[in-house]
There are 6 protein chains.
Amino acid sequence: MTQYNQPIGGNDLARFSGPNTFMRLPQASSLEGLDVAVLGVPMDIGTSWRSGTRFGPKQIRSESAMIRPYNMANGSAPFDNLQIADIGDLAINTFSLADSLRIIKDSYDGILAQDVIPMAMGGDHSITLPILRAMAAKHGPVALVHVDAHADVNDEMFGEKETHGTVFRRAYEERLIVPDKTFQIGIRGSGYAASDFTEAQGWGFRQYPAWELWQQNLTEIGSLIRKTVEDHPVYITYDIDSLDPAYAPGTGTPEIAGLTTPQALQLIHALAGMNVVGGDLVEVSPPYDPSGNTALTAANLLFEMLCILPGVTSR
Amino acid sequence: MTQYNQPIGGNDLARFSGPNTFMRLPQASSLEGLDVAVLGVPMDIGTSWRSGTRFGPKQIRSESAMIRPYNMANGSAPFDNLQIADIGDLAINTFSLADSLRIIKDSYDGILAQDVIPMAMGGDHSITLPILRAMAAKHGPVALVHVDAHADVNDEMFGEKETHGTVFRRAYEERLIVPDKTFQIGIRGSGYAASDFTEAQGWGFRQYPAWELWQQNLTEIGSLIRKTVEDHPVYITYDIDSLDPAYAPGTGTPEIAGLTTPQALQLIHALAGMNVVGGDLVEVSPPYDPSGNTALTAANLLFEMLCILPGVTSR
Amino acid sequence: MTQYNQPIGGNDLARFSGPNTFMRLPQASSLEGLDVAVLGVPMDIGTSWRSGTRFGPKQIRSESAMIRPYNMANGSAPFDNLQIADIGDLAINTFSLADSLRIIKDSYDGILAQDVIPMAMGGDHSITLPILRAMAAKHGPVALVHVDAHADVNDEMFGEKETHGTVFRRAYEERLIVPDKTFQIGIRGSGYAASDFTEAQGWGFRQYPAWELWQQNLTEIGSLIRKTVEDHPVYITYDIDSLDPAYAPGTGTPEIAGLTTPQALQLIHALAGMNVVGGDLVEVSPPYDPSGNTALTAANLLFEMLCILPGVTSR
Amino acid sequence: MTQYNQPIGGNDLARFSGPNTFMRLPQASSLEGLDVAVLGVPMDIGTSWRSGTRFGPKQIRSESAMIRPYNMANGSAPFDNLQIADIGDLAINTFSLADSLRIIKDSYDGILAQDVIPMAMGGDHSITLPILRAMAAKHGPVALVHVDAHADVNDEMFGEKETHGTVFRRAYEERLIVPDKTFQIGIRGSGYAASDFTEAQGWGFRQYPAWELWQQNLTEIGSLIRKTVEDHPVYITYDIDSLDPAYAPGTGTPEIAGLTTPQALQLIHALAGMNVVGGDLVEVSPPYDPSGNTALTAANLLFEMLCILPGVTSR
Amino acid sequence: MTQYNQPIGGNDLARFSGPNTFMRLPQASSLEGLDVAVLGVPMDIGTSWRSGTRFGPKQIRSESAMIRPYNMANGSAPFDNLQIADIGDLAINTFSLADSLRIIKDSYDGILAQDVIPMAMGGDHSITLPILRAMAAKHGPVALVHVDAHADVNDEMFGEKETHGTVFRRAYEERLIVPDKTFQIGIRGSGYAASDFTEAQGWGFRQYPAWELWQQNLTEIGSLIRKTVEDHPVYITYDIDSLDPAYAPGTGTPEIAGLTTPQALQLIHALAGMNVVGGDLVEVSPPYDPSGNTALTAANLLFEMLCILPGVTSR
Amino acid sequence: MTQYNQPIGGNDLARFSGPNTFMRLPQASSLEGLDVAVLGVPMDIGTSWRSGTRFGPKQIRSESAMIRPYNMANGSAPFDNLQIADIGDLAINTFSLADSLRIIKDSYDGILAQDVIPMAMGGDHSITLPILRAMAAKHGPVALVHVDAHADVNDEMFGEKETHGTVFRRAYEERLIVPDKTFQIGIRGSGYAASDFTEAQGWGFRQYPAWELWQQNLTEIGSLIRKTVEDHPVYITYDIDSLDPAYAPGTGTPEIAGLTTPQALQLIHALAGMNVVGGDLVEVSPPYDPSGNTALTAANLLFEMLCILPGVTSR
C-alpha cells in the first residue's frame with residue numbers, strides 16, 4: 001500500500017526547523033511514483049522592471065512551513081491520496097534567458113513523460129512559455145486559467161520575442177492553448193491602446209478586468225470557467241501581481257487596484273473538479289517583500305491549487 | 001468631583017513627545033480610583049512561529065499617540081466619565097512561560113479585586129488563559145468574544161498544555177467560559193482535520209469562519225452576539241492576526257484572507273452596550289511591523305474597545 | 001501642428017532608466033504652450049506627526065515610470081490632445097513654512113496666468129492653502145473635491161493658523177471655495193468632539209465619512225458630485241491618507257479603516273467631464289514607504305486625474 | 001541623605017518594559033534637587049536633507065533601556081553621587097523654527113537658573129544655537145567640543161540665518177564660545193571652497209578633519225583638549241553624523257569615511273575631568289535607522305558623557 | 001576510499017537553489033562516518049532583550065550558499081579530508097527553556113558518543129551550557145575560547161539560573177571548563193560593578209576587553225591562547241555580538257564599539273592547530289538583520305572555524 | 001570662454017529637488033564639448049547571486065545630490081576646468097546579456113571617438129569587459145586598477161564566457177590590459193583553489209588581498225601604483241563589494257572583512273596625477289540598500305575619481 005508523503009507536523013519539529021522544501025514535504029530525487037511534483041524555477045532575467053524573483057522559490061518554501069495539510073475551508077486533504085514531493089529547482093542558466101527557457105522545456109518534457117503533475121514556483125512569468133510548450137506536446141492545446149494584472153500579450157520587448165510580457169501571444173501563435181478556453185482574470189492598469197486587451201479577445205480569450213471584479217465574490221466566475229472548460233486539460237498560471245499590492249507587495253511589476261486574497265481563494269475553490277494538468281505561481285520577488293507575506297500568500301495559493309487537483313478528496 | 005484622566009492633547013505637546021503610555025494617558029502607580037486599567041503583558045515565549053511580541057506593548061503605546069479622545073464614528077467619549085490610566089507592564093519572567101502565566105493570574109486577581117476593568121496589550125495569546133482564570137474566579141464563567149485567525153483549541157503543543165495555541169480548550173475544560181456564549185470570529189487557514197474547528201462547535205462554541213465573512217458587513221454578527229449574551233459578563237480577546245496580513249503584517253502567525261479593519265470596527269461598534277468585564281489585544285510583533293501600522297491598528301482597536309465599555313456615553 | 005509630449009515608452013528605454021520626471025515626460029523649463037503642468041512641492045514642515053514628505057515628489061516620479069499612456073479601464077488617453085510636461089519642483093524655503101506658502105502662492109499665480117492647469121505632487125497638505133488662494137484669485141471661489149482621512153478644519157495648531165490641519169477652515173474663511181460645492185470624502189478616525197466634522201457641515205460642506213463608504217462602490221458619489229457641481233471650476237485635492245494604511249502605508253498621519261484603491265479609481269472615473277482647474281496629491285512620505293507602493297499608488301492617482309481633465313478624449 | 005535616582009535594573013523589570021525615559025531613570029516634573037537633567041528636543045525643521053529627527057529623543061530613550069549604570073571601561077558610576085533625571089521633552093512649536101529656537105533658549109535659561117546640567121537629545125543641530133545662547137548668558141563664552149562631520153559655519157541657508165548648518169558661525173559672531181577653545185573633530189566631505197573650513201581656523205577654531213584621524217586612537221586629542229581648556233566651562237555637542245554611516249546610518253546628512261565608535265569612546269574617555277556644563281547628542285533620525293542601532297549608539301554616547309561630568313567618581 | 005562530502009558548487013547549481021543546508025553540504029540523517037556535524041539549535045527563549053534567534057540557523061544556512069570550499073587567506077580546505085555534513089536542527093521544545101536545555105544535553109551526548117565534532121548554529125547563548133556539560137562529560141573540563149560582548153557570568157536573571165547571561169558562571173561552578181584556560185575576548189559595555197568582570201578574573205578567566213583591542217591586530221592574542229592551551233581539548237563559543245553592531249546588527253543584545261570582522265578572522269586564523277573539540281556561533285537574530293549580512297558573517301565565521309579543526313590541511 | 005557645468009547648489013534648490021542626474025549636473029544630449037561623461041549602465045543580468053543592480057545608476061544619482069563640488073580633503077575642484085555632464089543611461093537590452101555587452105561596446109566606441117572620458121555607474125561587473133574592449137581599441141592595452149572583493153578571473157560560469165565573474169580573464173586573454181600594470185586590491189573570501197588568485201599572478205597581475213590591508217593606510221599602495229604605471233593610460237574599475245559589508249551592504253555578492261571607506265579614499269587620493277582614461281563604479285544593488293548609504297558611498301567614490309582626472313587642479 002502506498003505510503004503518502006506528509007508534511008512534517010508543527011508539533012513534531014518546530015516550524016522554523018526542517019528542510020526548506022515546500023510545506024516541509026520530503027525532497028524527491030526521482031519522479032518515480034509521484035503524482036505531483038512541486039518545483040522551483042528561480043529566474044528573474046525575463047523581467048522588465050524590478051528583479052529579484054530568482055529568490056522566489058526559496059522564500060515561498062520558507063514561508064510554506066506555516067501551512068498544515070488540511071484545508072479548513074473546503075475540507076480538501078491533498079496528501080491523503082496523492083503522492084506529492086518537492087523535487088527542487090530546475091538548474092537554469094542564470095546568464096541566458098534563451099538557454100533557460102530551453103532547459104525548462106526539456107525538464108518539463110521529462111516530468112510529463114512520467115505522468116507527474118508539475119506545480120512550479122517562479123521565477124518571472126517567462127517560465128510559463130516553455131512550460132506550455134511541454135504541456136501542449138503532451139496534452140495538445142490546453143485550456144488556460146491565467147490570473148494576472150497584465151495580459152502578457154506583447155509581440156516583443158526590446159526586440160525580444162520571449163520575455164515575461166509576451167508569453168500568451170506566443171502561446172496563442174504556437175497553438176499551445178485553446179483560445180476560447182483561455183481566461184484572463186484581474187488584468188488592469190495602463191497600456192498603449194485598447195487593443196492591448198481587445199486583440200486577444202479577438203483571438204477568443206475571455207477577459208475579466210479587475211475593475212469588473214472589485215468588491216465582487218469570484219465564485220461565480222470560477223463556476224463559469226469550470227462549466228466552459230469541462231473536462232479539457234487545463235493549466236493554471238497564477239501571477240502574484242494579480243493581487244493588489246496591499247496583499248502582495250513583493251513583486252516586480254505591481255499594479256494598484258487588484259484582487260484581494262479572499263477573491264483569490266473564492267476563484268480557486270470554484271475551480272475544484274477541473275482536469276488540472278499543471279500550474280504555476282510566479283513573480284514573487286523577495287527583495288521587495290521584507291515581511292515575507294507575499295511569499296506566504298504564494299505558498300498558500302499553491303497549497304490551494306494542490307487542493308483542487310484531480311484525485312483530491314474532502315473529509 | 002472626579003477629575004477624569006485625559007490623554008495629552010496633540011496641541012498641548014507634539015505627538016512625538018510625552019510619556020510612552022497608552023494614548024499618553026497618565027501612568028498610575030496605584031489602582032485606587034480607577035475604572036479601567038490599560039496594561040501591557042510583554043511576552044513572546046508562548047509562541048510557535050515568529051517571536052517578537054515582547055515588544056508589542058511598547059510599540060502599541062508609541063503608535064497610540066496619534067489617537068484623540070473622541071470617536072468620530074459613534075460619538076463615544078470614554079474619558080468623559082470613566083477613570084482610565086495606564087498601569088504599565090506586568091513583571092513577567094521572560095525565561096519561564098509557566099512562571100509568567102502564574103504572575104499574570106496573580107496580577108489579575110489583584111486588579112479584579114479592586115473592580116477595575118483590565119484592558120491588556122499582549123504579548124502572545126498564551127496570556128489570555130491566566131486572564132480568563134482570574135475572570136472566572138471573579139465573575140464565574142464569562143461569555144467570550146474571540147476574534148482570531150486560529151481557534152487556539154489544540155490539546156497540546158510539544159507536550160505543553162499551556163501555549164498560545166491551547167488557550168480556549170483549557171478555558172473550556174476549566175469552565176472559565178460559557179461555551180454557548182463563546183464566539184470565534186475570523187478563524188481560517190489550514191489545519192489537520194475538520195475537527196480542529198468542529199470539536200469546539202460540539203462544546204457549544206459559535207464559529208464564524210473568515211470565508212463566510214469576506215466582503216460582508218459585520219454589524220449583523222455583532223448585533224447577534226449582543227442579543228445572545230445579553231447582560232452576561234463578557235470578555236473580548238482580540239488577536240491581531242484575525243485581520244488580513246495586508247492590514248496587520250506585524251504578527252507571529254499570519255494567515256491570508258482575513259478580516260479587514262472596517263470589518264473589525266463594524267464588529268466592535270455593534271458590541272456597544274454589552275457587559276464587558278475586560279479585554280485584550282494580542283500578538284502584535286513589532287520586528288515584523290516596520291511601518292508601525294500593525295501597532296497603530298492595535299492601538300485603535302483598543303481605543304474602540306474602550307469606547308464600548310459599560311458607562312461610556314456618546315455626545 | 002502641435003507635437004504632443006509623450007512619456008518615454010518602456011520598450012524605447014528600460015523603465016529603470018530615463019529622466020526622473022513624472023511618467024518620464026519631457027521636463028519643461030517654460031510654461032509656453034503647455035496645457036497641463038505637473039510639478040512638485042517638496043515640503044514637510046507643515047506636518048504634525050511623521051515627517052518625510054519632502055521626498056514625496058522624487059519618489060512619486062520614480063515609481064511613475066511604470067505607467068503607460070493609455071487608461072485601459074476607461075480608454076482615456078491624456079497625451080493625445082493635451083500638452084503636458086513636468087516643470088520640476090517649486091523652490092520652497094525648507095526652513096520656513098510661512099515663506100514657503102508665500103512662494104507657492106506666487107508660483108501658482110504665474111502658472112495660472114498662463115492658463116496652465118497645475119497638478120501638484122506634495123509635500124504635506126499645507127501646500128493646498130496657497131494653491132487655493134491662487135485658484136480663487138484666478139477663478140473665484142472654486143468647487144472642491146477633498147479626499148482625505150482628516151477634515152483639516154482646525155482653527156490652529158500650536159498657535160499657528162497655517163498648517164496641514166487648518167487648510168480648509170482658512171479656505172472657507174477666505175472664501176476660496178464654494179462651501180456647498182465642497183465634498184470631503186473618506187474622513188474618519190478620532191477627534192475631540194462631533195463638531196470637528198459637523199461645524200464644517202454647518203458651513204455647507206458635504207461630508208462622506210469612510211464608515212459610510214466601507215465595502216461600497218464609489219461611482220455613485222462621484223456621479224452625485226459631478227451633477228452638483230455642474231460646470232463650476234473644481235479643484236481636486238487628494239490626500240493619500242484617505243486610503244487605508246494597507247494600501248498606502250507611507251504617509252505621515254495614517255488612520256485605519258480607510259478607502260481602498262478600487263474605491264479611489266471608482267471615484268475619479270466618475271468625476272470625468274467636470275471642469276477641473278487643478279489638482280494635487282499630497283502626504284506621500286517615502287521614509288515610511290520602503291516598498292515604494294504608496295508612491296506608486298500616488299503616481300497612478302495623478303495619472304487618473306490627468307485622464308479626467310477637460311479636453312481628454314477616449315479611444 | 002540624598003537618595004540618588006537609579007535606572008530600573010534589567011532583573012527588576014524586563015528591559016522591554018518600564019517608562020520610556022533615558023535609561024529608565026525616574027521622570028522628574030521639577031528641577032528641584034537635580035544635578036543633571038536629561039531632556040529631549042524633538043525637532044527636525046532645521047534640517048536641509050532627510051528629516052525625521054523629531055523622533056530622535058523617543059528612539060534614543062527606547063534603546064537606552066539596554067544600558068546599565070556602571071561603565072566597565074573606566075569604572076565611572078554617574079548615579080552614585082549625581083542626582084540625574086529625565087525631564088521629558090521641550091514643548092517646541094513644530095511649525096516654526098524661529099519660535100522653537102526661542103522656546104529652547106527660554107527653557108534652558110530656566111534650567112541653568114537652577115544650576116542643573118542639561119544633557120539634550122536632539123533633534124537636528126539647530127537646537128545647539130539657543131542652547132549656547134543660554135550657556136553664554138550663564139557662564140560667559142564657553143569652550144566647545146564639537147564632534148561632527150560638518151563644520152556648520154555657513155552664513156545662511158536659503159536666506160535663513162538660523163539653521164542646522166549655521167550654528168557655529170552664529171555662536172562665534174555672538175561670542176557664545178571661546179574661539180581658541182573650540183574644537184571641531186571629524187569634519188570632512190565635500191564643500192564649496194577651502195574657506196569652508198579655514199575661515200573658522202582664522203577665528204581660532206581648532207579643527208581635526210576626519211582624514212587626519214582615520215585608523216588613529218583619539219585618546220591623545222582628548223588629552224590635548226583637556227589640557228588646553230583647563231577649568232574653563234566647556235560644552236560638548238555631539239552630532240551623530242561624526243560617526244561613519246556604517247556605525248550610524250540613521251541620520252539626516254550622512255558623510256562617508258567618518259569616525260568609529262571606538263574612536264568616539266576614546267575621545268570621550270579622555271575628556272574626563274573637564275568642567276563640563278552641558279552637552280547634547282543630535283541628528284539621530286529614526287526613519288533611517290530601522291535596526292535602532294544608531295539610537296543605541298546615541299544612547300551610549302550620552303551615557304558616556306554622563307560618566308565624565310564633574311563629580312562623577314570611579315569605583 | 002572515503003568520498004568526502006562537498007558543498008554544491010556555484011556553477012553546478014545556481015547559488016539561490018539547492019538544499020538549505022550549511023554551505024549546501026549533504027544533509028545527513030545519521031552520524032555514521034562523520035567527522036564533523038554542523039547543526040542548528042533554533043531557540044530564543046533564553047534571551048533577555050530582543051528575540052528572534054530561533055530563525056538563526058535557517059538564515060545562516062541560507063546565506064552560507066555564497067561560501068566556496070577553499071579558504072583563500074590561509075589555504076585551508078576542510079572538505080579535503082574531513083567528512084562533514086549538516087545534520088539539521090535539534091528538536092527543542094520552544095515553550096520550555098529547561099526542557100530545551102535537557103534536550104540539547106542529551107543530543108550532544110549522542111553526538112559525542114560517536115566521536116563527531118559538533119559545530120552549532122544558535123539560537124541564543126543559553127545553548128552553550130548544556131553543550132559544555134556534554135563536552136565535559138566526554139573530555140573532562142575543556143579549555144574555552146569565548147568571544148562575546150558580554151561575560152555571561154551573572155548568577156541569575158529573574159531568579160533563573162540558566163539563561164543566556166549565566167552560562168559561564170554555571171560552567172565554572174560545575175567544573176565544565178578549565179578556568180585558567182578560559183579566554184573572554186571582546187567583552188565591553190555597561191554593567192553594575194567592576195566585579196561583573198573581575199570576579200571571573202579571580203576564578204582564573206583571562207579577559208581581553210574590547211577597549212584593549214580597538215584598532216589592534218588580534219593575531220597575537222590568538223597565538224597566546226594557542227600556546228597557553230597547548231593540546232588541551234578546547235571549545236570555541238562565538239557570540240556574534242562580539243562584533244560591532246556595524247558589522248553584525250542582527251543580534252539580540254548589541255553593544256557598541258566591538259570587534260571588526262578582520263579582527264575576528266585574525267583571531268580564528270591564529271587558533272589553527274589547537275585541539276578543537278567543538279564550537280558554536282550564537283545570537284544571530286534574523287528579524288533584526290534585514291540585509292542578511294549578520295547571517296552571512298556568521299556563516300563565514302563557522303566556515304573559518306571548520307578551517308581550523310584538527311585534521312584540516314592547507315594546499 | 002568655456003562656461004563649465006556646475007552642480008546645482010544646495011542653497012539654490014533644496015537637495016531633494018532638481019534633476020536626478022549625477023550631483024545634479026546638467027544632462028547632456030550630445031557629447032559635444034564634454035571632457036567627461038558620467039553615465040549609467042543599468043544592468044543586472046550578468047550577476048550570479050542577488051540581482052538588483054539595474055537600479056544602481058538611479059539610486060547613485062539620487063544620493064549624489066548631497067555632494068558639493070569641492071573636495072575638502074585634497075582641495076580638488078573638478079568642475080573648475082573640466083566640462084562634465086551626465087549623459088544618461090545606455091539603452092541596454094534587459095533580456096539579453098550578450099546583446100547588452102555589444103551595445104555597451106558600441107556606445108563606448110562612440111564616446112571615446114569624441115575624446116570624452118567616460119565614468120560609468122553600474123550595473124553588475126560584466127559591463128567592464130565591453131568597456132575595456134573599447135578602451136583597448138582606443139588606447140591599446142590599458143593599465144588597470146581593479147578594486148574588488150573578487151578577482152573575477154573565472155574561465156566560465158554555467159558555460160558562459162562573459163559574466164560578472166569572468167571579466168578580467170577575458171581582458172587578459174584579449175590583451176585589453178597590461179598584465180604587470182594590473183592591480184587587484186581587496187580580493188578575499190573563499191574559492192576553489194589557491195590558483196583562483198595565483199594563476200593571475202602568473203600572468204603578471206599584482207594582487208593585494210584584503211587580509212594584507214586590514215588596519216592599514218592605503219596611501220602607500222596608491223603611491224606604488226602611480227609610480228609603477230607612470231603615464232600609461234589607466235582604467236579604474238571599482239566594485240563596491242571591495243568595501244566591507246558594514247560600509248556597503250547593498251551589493252550582490254558581499255564578502256566579509258573588506259576594506260573601509262577611509263581606505264578607499266586613501267587609495268584614490270594617492271592615485272592623483274595618473275593618466276586616467278576612464279572608470280566605473282559597479283555592483284550597487286538598491287534593493288539590498290534600504291538606507292541608501294551604499295549608493296551614497298558609490299556616489300562619493302565616483303566624485304573622488306572625478307577629482308583625480310587629468311586636468312583637475314586644487315585650490
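Using the three backbone atoms N, Cα and C, a Cβ is placed for every residue, glycine included.
DSSP assigns B:Asp241 (Mn(2+) binding site) to a helix in the three-state reduction. Here the Cβ of B:Asp241 (Mn(2+) binding site) has 29 other Cβ atoms within 10 Å, regardless of which shown protein chain they belong to. According to TrEMBL, the Mn(2+) binding site annotation covers B:His125, B:Asp148, B:His150, B:Asp152, B:Asp239, B:Asp241.
Within 8 Å of the Cβ centroid of the Mn(2+) site, not counting the listed residues B:His125, B:Asp148, B:His150, B:Asp152, B:Asp239, B:Asp241, the chain contributes B:His146, B:Ala149, B:Ala151, B:His164, B:Ser242, B:Thr253, B:Val282, B:Glu283. The Cβ of B:His150 (Mn(2+) binding site) has 26 other Cβ atoms within 10 Å, all protein chains considered. Secondary structure at B:His125 (Mn(2+) binding site), as computed by DSSP, is helix.
Counted within 10 Å of its Cβ, the other Cβ atoms near B:Asp152 (Mn(2+) binding site) come to 25, all protein chains included. Taking the binding-site residues B:Asp148, B:Asp239 in turn, the residue surrounded by the fewest other Cβ atoms inside 10 Å of its Cβ turns out to be B:Asp148. In sequence order, B:Gly46, B:Asp148, B:Asp152, B:His164, B:Gly165, B:Val167, B:Thr237, B:Asp239, B:Val282, B:Glu283 make up the list of same-chain residues 6 or more apart from B:His125 (Mn(2+) binding site) whose Cβ falls under 8 Å from its Cβ.
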